[in-house]
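*Asks:* Feature annotation from TrEMBL assigns [4Fe-4S] cluster 1 binding site to A:Cys12, A:Cys26, A:Cys29, A:Cys35. The annotation ATP binding site is assigned in TrEMBL to A:Gly66, A:Lys67, A:Gly68, A:Gly69, A:Val70, A:Gly71, A:Lys72, A:Ser73. Residues or ranges marked as [4Fe-4S] cluster 2 binding site in TrEMBL: A:Cys239, A:Cys242. Residues or ranges marked as domain 'AAA+ ATPase' by TrEMBL: A:58-229. Taken from TrEMBL, the feature region 'Disordered' covers A:1-23.
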Protein chains: 2
Amino acid sequence: MADVPENAPEHCPGTTSEQAGKSAPCQGCPNQKLCASGATKAPDPAIAEIGEKLSTVKHKILVLSGKGGVGKSTFSAHLAHALASDTTKEIALLDVDICGPSIPRIVGLEGEQVHQSGSGWSPVYVEDNLAVMSIGFLLSSPDDAVIWRGPKKNGIIKQFLRDVDWGELDYLIVDTPPGTSDEHLSIVQYLSATHVDGAIIITTPQEVSLQDVRKEIRFCQKVKMPIIGVVENMSGFVCPKCKNTSQIFPPSTGGAEKMCADLKLPLLGKVPLDPRIARSCDEGRSFLSEVPDSPAAEAYQKIVKSEFVFRKTPTQMSIVQSVTIKGQNKSCVT
Amino acid sequence: MADVPENAPEHCPGTTSEQAGKSAPCQGCPNQKLCASGATKAPDPAIAEIGEKLSTVKHKILVLSGKGGVGKSTFSAHLAHALASDTTKEIALLDVDICGPSIPRIVGLEGEQVHQSGSGWSPVYVEDNLAVMSIGFLLSSPDDAVIWRGPKKNGIIKQFLRDVDWGELDYLIVDTPPGTSDEHLSIVQYLSATHVDGAIIITTPQEVSLQDVRKEIRFCQKVKMPIIGVVENMSGFVCPKCKNTSQIFPPSTGGAEKMCADLKLPLLGKVPLDPRIARSCDEGRSFLSEVPDSPAAEAYQKIVKSEFVFRKTPTQMSIVQSVTIKGQNKSCVT
């Protein structure tokens, strides 16, 4: 699914397109014969293997946002913690943020390592019923940079889905990096032979954030990923001294509320800024059990227990996307 | 510089490596002959063209952070505004965040479009001496998603550097997305035939952010990019009612100050949280001229006027990187 290799001619139609090997720019390209043979259009066999492997996972939820730093990893970790509080359920949390894996720190597993077993890589456990996988467990030091272009990131995501011994799961939560690029296309592609409940979209109230989030919503629509709902984080800050509420990231265009109304999406809830959330994440403890009666913890609990998150209609996704850049007539890479 | 194409065999040494076409996994690969011929190791001719094109740009500064949502675009835009306040200088701001371009909104140019001229694409002007380029100017709607894998993102970054009519510039500021992947490797690669002043690294005080930022610092060290210094954003919030200061993202491991001391990097300054910053960004106005006497604007001004930002020693970069994943012995893609 590379579609357009780096060494492709300028108007390469993409190695998986119908025109691969046949269009004018293909003339003289070293890959022309290969593309024309149809070999590049064959689906990756890993998709079927992953479909088989994850057939024992009842629910799959992706946590997405076009914007970075809005609390995707914090939400993912706390959703996993909240689901795992029912000890009859088996939960797993997969971090596909390859260049900025925050999950090991947030769930208190920094420095842990993955072990190889007969049935694949073993995830690392936070609780008996909460398994975690992240590239952070494969690095020699938490400060190591993973300086990888897309294909290697896609390769490790494939391994996380295919080669990890996930076992039987009730919920698989997938935390993602910001954007609408390799990691997002790959996770959708690799899960395309399974059923996915949908995506929870995280934002903050200001327009600069919502703008990127609307792009992520477009992405979901294009790949036919159902949207479970939207969570607004950093929604107001109550001064601990005088109890005055400040909008630190002001919802100048109406915040998530207006966006959800415009786009007809459920707003799952608004979580206020609370310094204890960031501190708990830094210290690898669950904010929900540290300060369970805080307004932020209550907002979180309400969201993760909402009917939207628990709905029972996993859906098959598509992997057809296109975007037009003005005057360029370029379609997107899948 | 794809290095490892998507359709490559599992242990592909990379198309630009010394082993390309010659190692064991190359046997049976459809690209073996091409790789063995050495054609894939030839440098992209665009690198020399970009070197020539940007030879009239005196200073080039990259704004980086491993973490999203810490204020890279806000800082980039305000650095450009501050430099452009000297009307004898020509400034340009290039946004290489392809999937989440915030710059058009922040500088008040949303909805503007790029024009084609005889000497290339014309950037869009905020002021007579402040030119801006972003993929946002090429989209039909600000909500359009750019669903592209790495190679297409790299292609547009190349076009931004090579095909935009930048003219003679005193400063080119490059705003980047979070991470250490395609956009970062490409900008470093494409600027490798020119001289770059260095990178300004943006962070917020909490450890979960610093952890990703240390990865970006590793990236700079690996590609031999000088680090101008570090800016800590969202550093405390003063309640507008009672003037009490809250650490909303607590520096639980010492914040940017300790990180800079540990890594021997200059801390350029700390900018407090101020809701008027987010609001100005949403409204496309410069915070520096809106509320010039606020503590946050003063902190910004002090940073952009510091001797570090104005130092005069642009440096040639390298593009050799490697990272080892435990038990996998994989080196990075360049």
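A Cβ is built for glycine as well, from the same backbone N, Cα and C atoms used for every other residue.
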*Asks:* Just how many other Cβ atoms lie inside 10 Å of the Cβ on A:Val70 (ATP binding site)?
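*Replies:* Its Cβ shell of radius 10 Å holds 26 other Cβ atoms.
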*Asks:* Here are the binding-site residues: A:Cys12, A:Cys26, A:Cys29, A:Cys35, A:Cys242. Which has the lowest count of other Cβ atoms within 10 Å?
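*Replies:* With the binding-site residues A:Cys12, A:Cys26, A:Cys29, A:Cys35, A:Cys242, fewest surrounding Cβ atoms within 10 Å: A:Cys242.
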*Asks:* Going by Cβ pairs closer than 8 Å, show me which of the binding-site residues A:Cys12, A:Cys29, A:Cys35, A:Gly68 neighbour chain B.
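*Replies:* Checking chain B against the binding-site residues, the residues within range (Cβ-Cβ under 8 Å) are A:Gly68.
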*Asks:* Please identify, among the binding-site residues A:Cys26, A:Cys29, A:Cys35, A:Cys239, A:Cys242, the one with the smallest Cα-Cα distance to A:Gly66 (ATP binding site).
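*Replies:* Result for A:Gly66 (ATP binding site): the nearest of the binding-site residues is A:Cys239.
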*Asks:* Tell me the Cβ neighbour count for A:Lys67 (ATP binding site), meaning other Cβ atoms within 10 Å of its Cβ, over all protein chains shown.
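*Replies:* So the number of other Cβ atoms within 10 Å of A:Lys67 (ATP binding site) is 26.
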*Asks:* Enumerate same-chain residues with a sequence separation of six or more from A:Ser73 (ATP binding site) and a Cβ-Cβ distance below 8 A; give 'none' if the list is empty.
*Replies:* A:Asp95, A:Asp97, A:Ser102, A:Ile103, A:Ile106, A:Asp175, A:Cys281
*Asks:* Let me know the DSSP-derived helix, strand or coil state of A:Ser73 (ATP binding site), please.
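*Replies:* Assignment for A:Ser73 (ATP binding site) reads helix.
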*Asks:* Looking only at the domain 'AAA+ ATPase' (A:58-229), what is the model's average confidence as pLDDT?
*Replies:* 96
*Asks:* Show, in sequence order, which residues other than A:Cys12, A:Cys26, A:Cys29, A:Cys35 on the same chain lie with their Cβ within 8 Å of the centre of the Cβ atoms of the [4Fe-4S] cluster 1 site.
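*Replies:* Everything else in range on the chain: A:Ala8, A:Pro9, A:Pro13, A:Thr15, A:Ala20, A:Gly21, A:Ser23, A:Pro25, A:Asn31, A:Gln32.
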*Asks:* Taking DSSP as the reference, which of helix, strand or coil describes A:Cys35 ([4Fe-4S] cluster 1 binding site)?
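*Replies:* Note: A:Cys35 ([4Fe-4S] cluster 1 binding site) is helical by DSSP.
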*Asks:* Spatially, and counting Cα to Cα, which of the binding-site residues is closest to A:Cys29 ([4Fe-4S] cluster 1 binding site)? Options: A:Lys67, A:Gly69, A:Lys72.
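*Replies:* Closest by Cα distance to A:Cys29 ([4Fe-4S] cluster 1 binding site) among the binding-site residues A:Lys67, A:Gly69, A:Lys72: A:Lys67.
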*Asks:* Between A:Val70 (ATP binding site) and A:Cys239 ([4Fe-4S] cluster 2 binding site), how far is it from one CA atom to the other, in Å?
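*Replies:* Per the Cα atoms, A:Val70 (ATP binding site) and A:Cys239 ([4Fe-4S] cluster 2 binding site) stand 20 Å apart.
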*Asks:* For A:Cys239 ([4Fe-4S] cluster 2 binding site), which residues in the same chain are close in space, meaning a Cβ under 8 Å from its Cβ, but six or more apart along the sequence?
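*Replies:* Non-local contacts for A:Cys239 ([4Fe-4S] cluster 2 binding site): A:Thr245, A:Ser246.
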*Asks:* Between A:Lys67 (ATP binding site) and A:Cys12 ([4Fe-4S] cluster 1 binding site), what is the CA-CA distance rounded to a whole number of Å?
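*Replies:* With the alpha carbons as reference points, the distance is 30 Å.
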*Asks:* Residues with Cβ closer than 8 Å to the Cβ of A:Gly69 (ATP binding site), same chain and 6+ apart in sequence?
*Replies:* A:Pro178
